[in-house]
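Trainee: Dumping the structure here so I can ask a few things about it.
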Amino acid sequence: GQLPTWLQGILLRNGPGMHTIGDTKYNHWFDGLALLHSFTFKNGEVYYRSKFLRSDTYNCNIEANRIVVSEFGTMAYPDPCKNIFAKAFSYLSHTIPEFTDNCLINIMKAGDDFYATGETNFIRKINPQTLETLEKVDYSKYVSVNLATSHPHYDSDGNVLNMGTSIADKGKTKYVLFKIPSSVPEKEKKKSCFKHLEVVCSVPSHSLLHPSYYHSFGLTENYIIFIEQPFRLDIVKMATAYIRGVTWASCLTYNKDDKTWIHFIDRKTKKEVSTKFYTDALVFFHHVNAYEEDGHIIFDLVAYTDNSLYDMFYLKNLNKDFEETTKFNSIPTCKRFVVPLQYDKDAEVGSNLVRLASTATAVKEKDGNIYCQPEALCEGIELPRINYNYNGKKYNYVFATAVQWSPVPTKIAKFNIQTREMLYWREDNCWPSEPVFVPNPDAKEEDDGVVLTCVLKTDPKEAPFLLVLDAKTFTELGRATVNVEMHTDLHGVFIPEQVVKTGTE
């Protein structure tokens, strides 16, 4: 095929790439050592490169020729030959876990630099052109967090907004929203942008010892949206996991009878909206987008009614019968919440406060809390992406992987939120990855651009390829076949050519 002449830059992807070290194996697919991939687009040609992230975790494991650093679903134990004192010390040091720097989930831009990210307090700087691993950054040196999301947001000035959990700091457990500036003052050019990191605000956890797990958060022009779901980490269990010989993942519990709290933080005042909004128990990983309209906040996310998704990816379940054995208990559903921030304070108890055309409701309760029920937009999509120029604004299109009854995607979808139309790309025996939308630099419309996805073949003898689709029509423009063994990855970013240049000069 032929690629558009304007498509110049690098698609960077990240995900787990090695699950066996010596004669030890990770328990969970999300634990594998991070493997970075890049597809460089230059004058109509595509160049491929891949490299393992040379994290401290990677280096320690490879040197020992076994898994010696614990991951979320795999607890590693020290060498039994060590003397009893060393062993006792090792147990103690695991109480507050020294988390891994195996950053295998996403890629983040901060200042002119790019970082591989996971969900711990560590991120690793990388060179986007060579995929070389550079310095390690510890968030906790700049802000009191033990965990941070892999899905930050970027404001119009290029500053990074992210959230992390601060566990029992000064006897309080809270969710911390922080900002990393896109540039530092001229006279401090040698300093990193992390030295100028600022805490925007914090939201206290509903429970000191059971903070909510979250993978992303929402953003509109004036508000941050944080969903505190009843899918929680048990801190006491985590502190004793090592001694008990269980994984940290086993310390995550979902309470289906609990409420899901919806927090809105005003970006100007840096304070939380005082009205309490909540919905029924749900589990979700990905926000799609959010925006404001006529005194309401509208936000879309992909939600489940249980937490079985994580369990499906234990490697013992990923056998040859994977497609047969792992079936969703709860199909992912794209849900739209419509929340009235401005409403008549004298409205009757039991009345629906939503004034927009939507089947989503927000009902006032006796105690002043507002109970929100979403509208289901569509089913069976995951790894949602949008045209990021429309982030926090009213939008029409979601690009996603389409999953039917199993979490392994077989199609790429384009969903029109207004008309509810769905376009698909599929081909027999193909597993596509998260689609990344790249806008045409001269775009006049939201879907004017291309969609990029890496496609694996179910037969390992067949070569994988990078697929380029016209985002409007969803027709194939071209594909670049790569004759290497490629792995299913998680998330990635496209870096336009001019951005790559400034970052690596």
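These residue numbers are counts, starting from 1, taken along the chain as shown.
Glycine is treated like the rest: Cβ placed from N, Cα and C.
Quick paste from TrEMBL:
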- His151, His215, His286, His491: Fe cation binding site (BINDING)
Trainee: Taking only same-chain residues 6+ apart in sequence, whose CB is under 8 Å from that of His215 (Fe cation binding site), what do you get?
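Mentor: When sequence neighbours closer than 6 are ignored, His215 (Fe cation binding site) has Glu119, Thr149, Ser150, His151, Phe284, Phe285, His286 within Cβ distance under 8 Å.
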Trainee: What are the non-local neighbours of His491 (Fe cation binding site), defined as same-chain residues 6+ apart in sequence with CB under 8 A from its CB?
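Mentor: When sequence neighbours closer than 6 are ignored, His491 (Fe cation binding site) has Arg13, Asn14, Gly15, Ile105, Asn106, Ile107, Ser150, His151, Leu383, Glu434 within Cβ distance under 8 Å.
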Trainee: With an 8 Å cut-off on Cβ distance to the His151, His215, His286, His491 Cβ center, who else from the chain surrounds the Fe cation site?
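Mentor: The answer, listed by sequence position, is Ile105, Asn106, Thr149, Ser150, Ser216, Phe285, His287.
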